[in-house]
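Record features (Swiss-Prot):
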- Thr12, Gly13, Gly14, Asn124, Arg163, Ser191, Ile245, Ala264, Leu265, Thr266, Val267, Ala268, Glu269, Gln290: UDP-N-acetyl-alpha-D-glucosamine binding site (BINDING)
Amino acid sequence: MAIRVLIMAGGTGGHIFPALAVADRLRAWGVEVVWMGTRHGLEAELVPKAGYPIEWISIGGLRGKGLTHWLRAPFKLLLALSQALRALRRWQPAVVLGLGGFVSGPGGLGAWLLRRPLLIHEQNAIVGTANRLLAPLAGRVMEAFPGTFPPARKAEWTGNPVRESIEQLSESRARLQARQGCFHLLVLGGSQGARILNETVPQALALLPTKVRPQVWHQCGSRQWEGAVVAYRAAGVEARLVPFIDDMAAAYAWADLVVCRAGALTVAELMAAGIGALLVPFPLAIDDHQRANADYLVVAGAALLLPEKELSPSRLAQEIERLGADYSTFISMAQAARQLHRVGAAQRVAERCLEVASG
């Protein structure tokens with residue numbers, strides 16, 4: 001009988017794509033993978049598409065919500081816990097793996113109550129609420145950034161799981177030195193899109209002389225695609241605009257520089273691909289974790305920080321023109337990013353699951 005692992009991850013791509021990377025590795029080894037998620041997160045689309053059965057629970061985030069949400073919270077948590085317990089009893093997993101996000105809370109607590117081995121992985125440079133609460137209950141604690149958890153948790157630095165196709169991209173210098181013509185600018189708003197980037201980037205590019213404008217590939221989010229089209233048209237700037245990019249490896253291979261938020265997934269992929277970036281952290285992220293993610297790259301010389309409060313078309317245009325004037329800067333940033341990457345994170349996390357399951 002195959003080993004069965006239940007993975008808990010939901011909400012945004014920052015939790016789901018690393019979990020899918022681990023799930024794919026486990027499945028390649030003959031392990032049966034079951035998912036726990038919500039119907040309103042990105043997992044509702046991505047997980048069934050990847051071929052994994054999914055158990056639904058009804059839960060949402062609480063931090064940053066109003067009083068009404070907090071008053072209803074105990075009842076919602078009890079409902080989610082009962083749903084998680086039902087799923088755990090049904091599937092009887094050998095191991096439960098939580099990758100953060102609100103879905104991990106009830107599932108992780110349920111695993112502990114049923115004495116199922118629990119492992120957790122934190123993708124951000126600051127521990128999220130669910131993982132902070134589950135860490136004392138977990139048999140193994142893993143982190144994407146070194147030193148995220150306090151020493152008492154004895155967390156293992158595994159790195160952040162990314163898609164294998166991104167890790168397999170050619171070495172940064174060879175890739176970038178082969179480039180000819182104007183440089184390539186990739187703009188990423190995350191799985192939700194980032195309105196401020198959709199509005200500011202075309203205005204910034206319009207300020208640049210035509211001869212120094214980069215080619216642009218802009219992922220703007222499905223809900224904001226029409227607005228981005230209008231913004232680029234109004235600015236008189238040509239760009240390839242897409243709601244979502246399925247093949248991120250191809251996008252990173254194409255790019256010389258990325259303008260993006262600093263979510264865990266994006267930062268991990270920048271390091272794995274070996275590419276420099278202008279990072280604009282989302283200022284309302286819980287515990288300002290995107291700023292902490294960004295700082296890890298900035299300190300190493302792999303990225304430049306551009307806080308949203310300082311973001312303007314003129315400032316962004318200035319930075320893009322400055323970086324584009326010296327191609328060696330792209331290469332040095334890319335190499336610095338690649339050196340930060342911890343290779344094989346998906347395999348490492350998958351191996352820990354099997355070690356616990358067999359041990």
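Positions of Cβ are set from backbone N, Cα and C atoms, glycine also.
Positions of the features from Swiss-Prot, shown on the structure.
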residue : record                                        : DSSP class
Thr12   : UDP-N-acetyl-alpha-D-glucosamine binding site : coil
Arg163  : UDP-N-acetyl-alpha-D-glucosamine binding site : coil
Ile245  : UDP-N-acetyl-alpha-D-glucosamine binding site : coil
Leu265  : UDP-N-acetyl-alpha-D-glucosamine binding site : helix
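In the shown protein chains, 32 other C-beta atoms lie within 10 A of the C-beta of Val267 (UDP-N-acetyl-alpha-D-glucosamine binding site).
Neighbour list (Glu269 (UDP-N-acetyl-alpha-D-glucosamine binding site), Cβ cut-off 8 Å, at least 6 residues apart, same chain): Val162, Arg163, Ile166, Met248, Tyr252.
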